[in-house]
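Visitor: Questions regarding the structure given below will be posed in turn.
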Amino acid sequence: MTIYLCIAFNMVNTYIDYLRLRKYWKILNQIKKHREEIKQLTNNCLKIKTTEFKKRIKSGISLDQILPETFAVASEAAERVLGLNPYDVQMIGGIVLHEGKIAEMKTGEGKSLAASFPAYLNALTEKGVHIITVNDYLARRDYESIGKIFEFLGMKVGLINQYTPISKRKNNYLADITYVTNSEIGFDYLRDNMATQIKELTQRPFHFCIIDEVDSILIDESRTPLIISGRTKTRKDKYELAHRLANFLKKSIHYKIDEKNRTIILSDLGVITCEKILKIKSIYSAQNTWAHFIYNALKAKELYLKNVHYIVRDQQAIIVDEFTGRIMPERRWADGLHQSIEAKENLQIKEETKTLASITYQNLFLLYLKISGMTGTAKTEENELISIYSLPVICIPTYKSMIRKDLPDLIFQTEIEKLKAVTEECVKMHLLGRPILVGTTNIQKSEILSQLLNQYQIRHNLLNAKPQNVKRESEIIAQAGRKYAVTISTNMAGRGTDIILGGNLEYIIKNKITSLFKPIILTGNTQYIIIDKSLKSSGNEIRDINSNILKIINLHRQNPKLTIAEFGNSLNIASKKIKSNNEYILNLRSIYIIFENIYKKYFDIESKEVKNIGGLCVIGTERHESRRIDNQLRGRSGRQGDVGSSIFFISLEDNLLRIFGGERISKMMHTFMPSVNEPIQSPLLSRSLDSAQKKVESLHYNFRKQLFQYDQILNSQRKAIYLERRLILESNEIVAWTMAYMELTIIDILNDQYLYSHRKPRDKVLKNINKIYDLLASPISLIKIEKYTFNKKTILKQLKISYDLKKAQIDKTSCGLMKSLERSLILEQIDTNWSEHIQQMSFLKEFIGWRGYAQKDPLIEYKNESYILFIKMIRTIRQNILYLLFRAEPTLDFS
């Protein structure tokens, strides 16, 4: 019954997508009509169209009204500049992006070009468009190629990556369209909200963004906040002792492991044992807490494994991203977990950090007025994307029909039998000459499989997060579609890689040309380069290559400081056939075209041979916890209508089945399996596995949703504090802010006297008031305060007099010094106390869950407690400003 309901549900979804797409086909026909008219325009007239569109928008025309015409202009520019005539499906993808939705476009369907059309349209508002990518390489690649379309149409294009200096960031953010990575835009946002001078600000208000690999950023990365941190004291001895203690404790006796929620639960015996060994009364004591260190040490021991969750390189524990398989050297686990792993691996324990500013990607991208995104896999997560970001997913049809065969899973009883079967399948496919991509879930398993293939003497490439393999990533992926190629990879090959049957011709040619010129660039020796004698080409082609090489050598003599990176950028432009008047690029292009003519015929022959034997064979060695990650692996095969196949080899010992599969699946498999060595291939079991994955996805979604609900409370406070901070930074009337803070402080203290005297001892309130009078240099003493009738006007009047005296005193040292002092003091107090507040909120969130045992809603409790903490922080900021400002003493220079 459940299966039939799933089929019916999928049919309904397919029909809804059809109805949505029908609307886009109508708009597409309008675009085509405009395109026919625009083809007649000269390049200059096409460029003038941008100015015309801007005027029409200012006159009140909506973006939707001019969409067909702007898309026609941008598509015509793409053909003239890049020689790319957009497919209909790319135009439809662009319309979907403009509407603030997610376009699900499969591998090789041209997402970068599709994004150019809505980017151009929305940039006409002159409020800026950000195209967000997941790494620097993709940002630069699209900036250098697709960016030429915008420049041709008279728009300014910016690029921001980790190497962009602060001095250039502001101008790049002010560009009409800016290519930037998700991490850079997040850290720039945080840095802007820690700036102490207006000139340090880099960003303008967020308007519209197009996020590439949107599911990776908004779902996979959503749990990981961006953090700017400062150093704090670290109790290294506690981490080391906790590690030794964790090694002594025994699983199932002293503690239990909850693998579903990835947590450790200490038993009563475990708690008593820890307290006895440490010679303390309680590991949960607030004065000398040990619980935090013990739990982290046990997590490091049981849940965080070397070569699975992290690698050790150069005496450092480096995180491996579970979704991409890549290392993240700049990131560290928070709350002391990373220090516990360092203690476990006997590495130097680095200092703990204190959070100065933080934000999640969820809340960062919700700052935009309009968000859209593109990816090859998002439909399975549509409910989450709609509920949190209001982003529906529209599946864009492929340009060519998908003919890849996705075979039912092969299921084994044991891990060993499964890996043997994978190896045998690789041998079988290899004998046929089919290229094979084997996807594994972590480094450890990829290396085991590599050893098994070595036993069969099968040559293969290994791609995982280890440095020696990462260096060869581009080369491995470029060759992965060639005949007889066998590639074993972690999730590194699951996203953003384009495996071309027969091999990647562009990569090979670029590599050849780079190797020709590398000696010149590195040594500066501009002697004649000898062409590879194995090059199969005519004498005329050799002469043409040599002629262009000589021209480039002469240009190198004029610019001897050219770097490999700069040469690579020029070669990228040359290979893309982008129009250029640069003599250096034109000569490189001539060489590229000659090499292309020589090698293309050989690659075409091999491509045809690979297609005839079945295309790329993708083998998954384990189902991931998310169907989306599995689909990304499958999507490496069958690009742009190519033949191919995918199959998953699974065992009962895999984490998904062991932790989440349940007894039902296990019983089904034992019933169906004839023997330990014989696998099962059953659509019914495959659907049961899908069901298990959905359970895990639901679990993770609920966890992310809960995090989002908690983070929204902190986010509302962040918005309030950052808004006030920005107003102070930009204010010309800083005196008004100072007086407001000081007046509110006095009013708070007076309210304490009148309203809360029953809660606070009277002598404490009187002491606070007496401090104010001391600061204001008032003759009223504590004795007089007892008989004094508090009059707000009198005190505030005294405040104004005292402030004027202090200002005159400080400005004697340097004219305008008081104003600078006030601004820096207020900003410093906001930053310091906000950082403390973040720490307190983190502790609150960590322990608020225990309120559930008292039949209280932890979220409501968190909201109430956080409000009290926020008000307390605001009062502390104001009070500190009052006290510090009146205590400030100028240093006079009598020299």
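Every residue gets a Cβ built from N, Cα and C, even glycine.
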Visitor: Looking at the ATP binding annotation from Swiss-Prot, with GLY108, GLU109, GLY110, LYS111, SER112, ASP498 already listed, which candidate in GLN90, GLN479 is the matching residue?
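Guide: So, going by the record in Swiss-Prot, that would be GLN90.
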Visitor: Here are the binding-site residues: GLN90, SER112. Which has the lowest count of other Cβ atoms within 10 Å?
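Guide: Looking at the binding-site residues GLN90, SER112, the Cβ with the fewest others within 10 Å is that of SER112.
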Visitor: Using the Cβ center of GLN90, GLY108, GLU109, GLY110, LYS111, SER112, ASP498 as the ATP site position, which other residues in that chain lie within 8 Å, going by their Cβ?
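Guide: So the additional residues around the site are MET105, THR107, LEU113, ALA114.
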Visitor: In Å, how large is the greatest distance between any two Cα atoms among GLN90, GLY108, GLU109, GLY110, LYS111, SER112, ASP498, the listed binders of ATP?
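Guide: Taking every pair of listed residues, the largest Cα separation comes to 18 Å.
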Visitor: Out of GLU109, ASP498, give me whichever of these binding-site residues has the highest number of other Cβ atoms within 10 Å.
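Guide: Its Cβ has the most other Cβ atoms within 10 Å: GLU109.
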Visitor: Give the three-state DSSP assignment (helix, strand or coil) for LYS111 (ATP binding site).
Guide: helix
